[in-house]
Amino acid sequence: MATRRQLANAIRVLAMDSVQKAKSGHPGAPMGMADIAEVLWRDFLKHNPTNPKWADRDRFVLSNGHGSMLIYSLLHLTGYDLSIEDLKQFRQLHSKTPGHPEYGYAPGVETTTGPLGQGITNAVGMAIAEKTLAGQFNREGHEIVDHHTYVFLGDGCLMEGISHEACSLAGTLGLGKLIAFYDDNNISIDGHVDGWFSDDTAERFEAYGWQVIRNVDGHDAEQIRAATILAQAEKGKPTLIICKTIIGFGSPNKSGSHDSHGAPLGDEEIDLTRKALGWEYAPFEIPAEYYAEWSAKEKGAAAEKSWEEKFAAYAKAYPELAAEFKRRVSGELPTNWAAESKAFIEKLQANPASIASRKASQNAIEAYAHVLPEFLGGSADLASSNLTLWSGSKPIRAHENVGGNYINYGVREFGMSAIMNGIALHGGFIPYGATFLMFYEYAHNAVRMAALMKQRTLFVYTHDSIGLGEDGPTHQPVEQTASLRLIPNLETWRPCDQVESAIAWQQAVERQDGPSALIFTRQNLAQMDRTSAQLDAVKRGAYVLKDCDGTPELIFIATGSEVELAVQAAEALSAEGKKVRVVSMPSTNRFDKQDAAYRESVLPAAVTKRVAIEAGIADFWYKYVGFNGRVIGMNSFGESAPADQLFKLFGFTVENVVAKAKEIL
């Protein structure tokens with residue numbers, strides 16, 4: 001029988017061999033954390049390699065994602081559908097083993113990590129989802145949701161500011177099933193961290209309200225095992241296990257040095273490491289008895305079978321809850337969703353109201369949340385401004401409302417966004433969270449990660465332009481909406497009234513292959529008249545809102561608060577005998593995906609005289625109006641003044657729009 005160290009060495013050699021074959025990568029972290037991984041994955045982790053999506057599996061997150069060969073080795077050794085050939089294709093085009101772990105490639109990878117700090121933050125989201133789902137579905141004697149979230153993280157994750165945001169909230173919420181292993185090796189890319197990272201990490205996490213287990217030898221299996229048992233016993237606090245490790249463990253000349261962090265060890269050093277570890281096998285060769293010791297298939301199948309028996313008893317006692325649980329974790333929407341959302345939208349169109357689109361957003365949440373118990377909302381300390389609360393909101397607290405549906409994220413925009421990604425990845429919820437559009441900047445990378453992972457995360461942004469007024473340019477977005485539109489696989493919506501707002505929410509909920517950004521105003525917006533055909537066309541991203549007889553001479557394209565301005569300018573020009581079309585374009589991303597025939601029907605190529613109007617950066621719009629068109633937008637930062645004065649100052653008036661249009665008519 002192989003020893004624990006020998007089993008851990010299987011990880012080490014796979015890591016160094018794969019990195020060497022790829023001619024790039026990070027062998028140091030996998031080699032340093034191999035002993036911790038061996039104990040966790042063989043003694044504690046509840047998972048089933050033959051069903052990586054089992055609902056009650058433990059979640060494992062490698063926050064220090066550059067050490068990706070650690071998780072790939074673990075998945076391969078324990079029996080997931082990840083072959084030795086897949087490991088040989090590490091970092092190669094279209095392989096299942098990209099340079100950083102990517103969700104959707106190798107089975108068993110729970111989230112895409114690499115941008116440091118976001119993995120631990122995703123894990124906080126997963127732990128929140130587990131605790132909340134348990135609160136909503138578990139009943140006495142029937143704990144169908146009962147799993148841990150484990151995280152590996154390093155110095156880099158802890159230096160990133162997002163780790164403070166996430167770990168502070170995790171402590172406040174008492175996430176007792178969140179257990180983090182800190183790879184305390186004192187090394188980062190530039191060398192020994194003493195010169196730039198001298199925090200007392202244990203004191204820091206104790207201040208957050210975590211249980212901290214200090215001074216664990218990360219190469220002593222019994223110490224690691226004892227610490228993990230202690231962590232599992234603490235039900236009311238998350239746990240940080242501080243493991244003292246040696247980066248590149250086993251390498252005679254590069255262990256304990258940044259030389260092993262981010263580059264292949266080299267053939268000569270690998271030979272020396274094999275000798276030092278007593279590893280007599282060829283590259284990528286693992287003895288059959290080692291595979292047998294590592295395999296989690298039998299144990300995992302038994303664990304899932306035991307859970308299925310529990311769930312059968314639960315379904316017998318609570319058939320409706322059981323059916324709802326299965327629906328929720330599958331990601332399917334309720335059977336009445338389509339009819340209810342359609343009826344709500346039609347009701348809004350039939351009952352005009354001139355309200356701020358942020359208020360329209362709240363009304364949509366109110367209507368849809370009654371149909372969608374999977375909504376898990378929140379705001380970064382701006383609920384009264386973002387209007388994200390509804391009549392049934394139940395804020396989650398450490399010991400109250402553990403089955404609630406709303407998270408007070410505090411002033412943590414980046415943390416909130418990455419936590420929502422973790423909630424979405426866990427399953428069972430559709431998370432939405434809000435802040436001012438200007439402060440999306442803090443969270444940009446988490447929004448990008450949601451798009452990369454194709455998660456149904458709903459980002460809500462209010463106070464969308466100079467229209468917020470007196471707070472001034474620090475709070476007035478200019479380039480932010482355009483920036484969001486440029487993120488691949490993110491759909492951005494900027495609706496013009498309560499109807500488009502409700503449709504934007506509807507489309508975001510129904511979209512299962514990526515996130516959406518919903519952008520709303522502070523100021524009131526007039527409701528537009530629409531036919532049933534126009535109402536149905538809103539979801540296509542752009543549609544003809546007002547038209548003329550025959551071929552138009554000019555097309556106005558507008559979004560959000562500027563649609564009314566476009567309509568008024570069109571009316572003024574029409575009174576002078578001009579043929580003008582107004583296109584409302586709430587989602588450029590959605591419109592760009594439409595077939596060529598539809599796009600031509602909205603923006604005919606023959607009509608080259610076009611004017612775009614949006615209180616955002618002007619440059620974005622030339623793709624729609626052409627170089628000979630006109631854009632009425634922002635080319636500078638805003639000012640501190642009442643909103644009506646600012647719109648006049650920056651040219652958002654009927655007179656200026658008409659004048660610009662006449663330049664090309």
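The backbone N, Cα and C atoms fix where each Cβ goes, glycine too.
Look at Swiss-Prot and you will find H26, H261, R358, S385, H463, D471, R522 tagged as substrate binding site. Note: S385 (substrate binding site) has non-local neighbours R358, F436, T462, H463, i.e. same-chain residues 6+ apart with C-beta under 8 A of its own C-beta. The DSSP secondary structure for S385 (substrate binding site) is helix.
Annotated site 'Important for catalytic activity' per Swiss-Prot: H26 (among others), in sequence order, evidence recorded as similarity to another entry. Note on H26 (substrate binding site): other Cβ atoms within 10 Å of its Cβ, all shown chains, come to 26.
All chains included, 27 other C-beta atoms sit within 10 angstroms of the C-beta of N185 (thiamine diphosphate binding site). The thiamine diphosphate binding site annotation in Swiss-Prot covers H66, G114, P115, L116, G156, N185, H261, F439 and rests on similarity to another entry.
Sequence annotations record features per position, and here Swiss-Prot assigns Mg(2+) binding site to D155, N185, I187.
Annotation comment: Swiss-Prot describes H261 (among others) as site 'Important for catalytic activity', evidence class similarity to another entry. The Cβ of H261 (substrate binding site) lies under 8 Å from the Cβ of H26, G28, A29, I187, S188, I189, I247, G248, each on the same chain and at least six residues away in sequence.
The active site, proton donor annotation in Swiss-Prot covers E413. Under the DSSP three-state reduction, E413 (active site, proton donor) is assigned to helix.
Excluding D155, N185, I187 themselves, the residues of that chain whose CB lies within 8 A of the CB mean position for the Mg(2+) site are, in sequence, G154, D183, D184, N186, S188, V193, T245, I247. Cβ contacts within 10 Å of D471 (substrate binding site), excluding its own Cβ and spanning all protein chains shown: 14.
If you check the recorded positions D155, E413, D471, R522 against F439 (thiamine diphosphate binding site), the ones with a Cα inside 10 Å of its Cα are E413. Secondary structure from DSSP puts H66 (thiamine diphosphate binding site) in a helix. Take the Cα of L116 (thiamine diphosphate binding site) and measure to each of the recorded positions D155, E413, R522: the nearest one is D155. Across the structure, D155 (Mg(2+) binding site) and R522 (substrate binding site) are spaced 41 Å apart at their Cα atoms.
Comparing H66 (thiamine diphosphate binding site) with D471 (substrate binding site), their Cα atoms are 41 Å apart once rounded.
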